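Asker: What Swiss-Prot lists as substrate binding site is His65, His164. Here Swiss-Prot flags Asp85, Asp96, Glu284 as divalent metal cation 1 binding site. Residues or ranges marked as divalent metal cation 2 binding site by Swiss-Prot: Asp96, His156, Glu189, Glu284.
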Amino acid sequence: MTEDELNKLLLAGKIAAKARDEVSLDVKASAKVLDICEEVESIIIENKAFPSFPCNISINSEAAHYSPTINDEKRIPEGAVVKLDLGAHIDGFISDTAITISLDSRYQRLLDASKTALEAAITNFKAGLSIGEIGRVIEKVIRAQGYKPIRNLGGHLIRRYELHAGVFIPNVYERGLGVIQSDSVYAIEPFATDGGGEVVEGKSITIYSLKNPNIKGLSSRENELIDFIYTRFNYLPFSERWLKEFSTNVDELRNNIKNLVKKGALRGYPILIEIKKGVVSQFEHTVIVKGDSIIVSTKSL
């Protein structure tokens, strides 16, 4: 990792933290999800970075992957538990962070469980340690609070222009995941729930990424859209909202996206729902492993 790469990672983390901490104050009952996410993304762009992925706002039993669509009218309900998940990148060097806001004080202990688990995981995180041991730490902290970790969600290795780079950081103990590597970047994200401790895919898809830009048999318009996506986002996730420059015809745009997913050119990420409709909390930081040191790039300013 060069000094220039490290500086870009640190700045991307600082910008994401700024957006997270400022916009989390605007998460209130009746607020439009679209307004919140557009504010997040605007702050990132105003600070000369780009969103690493579309801002996620997942409410109550929604664990992840809800991002508002074009003209989305969804609002934050009274008493909601709201996960705000966002990231920034500079030249493909990525940050990823999340916070949970509860509009009902009854869920504060649930929030504390995932937040304390994140703090414990970071304290124990170091090069050479078994990745499974981080899962053990997270699971122990969450269960001690009387909740369940979500076993099929977790953190991940991050590489340039690659948000999920193949290494999984579990929320429970697992064998055979290798060890934490120096000169690497990881997202750590404990999820806690009062439900069953697992997520399943919902029907809605609001986030996409490029899967295979070389699929044969695409129409000229579909190829134009693929080129537009690659030029602007590389292989990072994107929202239909970010394609309005390509087409202002929403129905045409959605139809093209749907067809490109079916043909295997794009990948869709379904919303993830807690299996027993339990309420979910999440906290997340990006950590940079540099020699024997750990740098939390997304810590509050």
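Glycine too: its Cβ is placed from the backbone N, Cα and C atoms.
Here the structure is a predicted model, which means the values were calculated and not measured.
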Asker: Report, as a single number, how many Cβ atoms besides its own are within 10 Å of the Cβ of Asp85 (divalent metal cation 1 binding site).
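Answerer: Its Cβ shell of radius 10 Å holds 26 other Cβ atoms.
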Asker: Can you give me the residues near the recorded divalent metal cation 1 site, meaning same chain, not Asp85, Asp96, Glu284 themselves, Cβ no more than 8 Å from the center of the site's Cβ atoms?
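Answerer: After dropping the recorded site residues, what remains is Asn56, Leu86, Gly87, Thr97, Ala98, Ala187, Glu189, Gln282, Thr286.
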Asker: Return the count of C-beta atoms lying within 10 angstroms of the C-beta of His156 (divalent metal cation 2 binding site), excluding that atom itself.
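Answerer: Cβ-Cβ neighbours of His156 (divalent metal cation 2 binding site) within 10 Å number 18.
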Asker: Measuring Cα to Cα, how many Å separate Glu189 (divalent metal cation 2 binding site) from Glu284 (divalent metal cation 1 binding site)?
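Answerer: Cα-Cα distance, Glu189 (divalent metal cation 2 binding site) to Glu284 (divalent metal cation 1 binding site): 4 Å.
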Asker: May I ask which residues of the same chain, at least 6 positions away in sequence, place their Cβ under 8 angstroms from the Cβ of His65 (substrate binding site)?
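Answerer: Asn56, Ser58, Thr206, Ile207, Tyr269, Pro270, Ile271, Leu272 - these are the non-local Cβ neighbours of His65 (substrate binding site), listed in sequence order.
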Asker: Centre the Cβ atoms of Asp96, His156, Glu189, Glu284, go out 8 Å, and tell me which other residues of that chain have a Cβ in range of the divalent metal cation 2 site.
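Answerer: Apart from Asp96, His156, Glu189, Glu284, the close residues are Asp85, Thr97, Ala98, Gly155, Ile169, Ala187, Ile188, His285, Thr286.
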Asker: Among the binding-site residues Asp96, Glu189, Glu284, which residue has the fewest other Cβ atoms within 10 Å of its own Cβ?
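Answerer: Across Asp96, Glu189, Glu284, these binding-site residues, the one with fewest Cβ atoms within 10 Å is Glu284.
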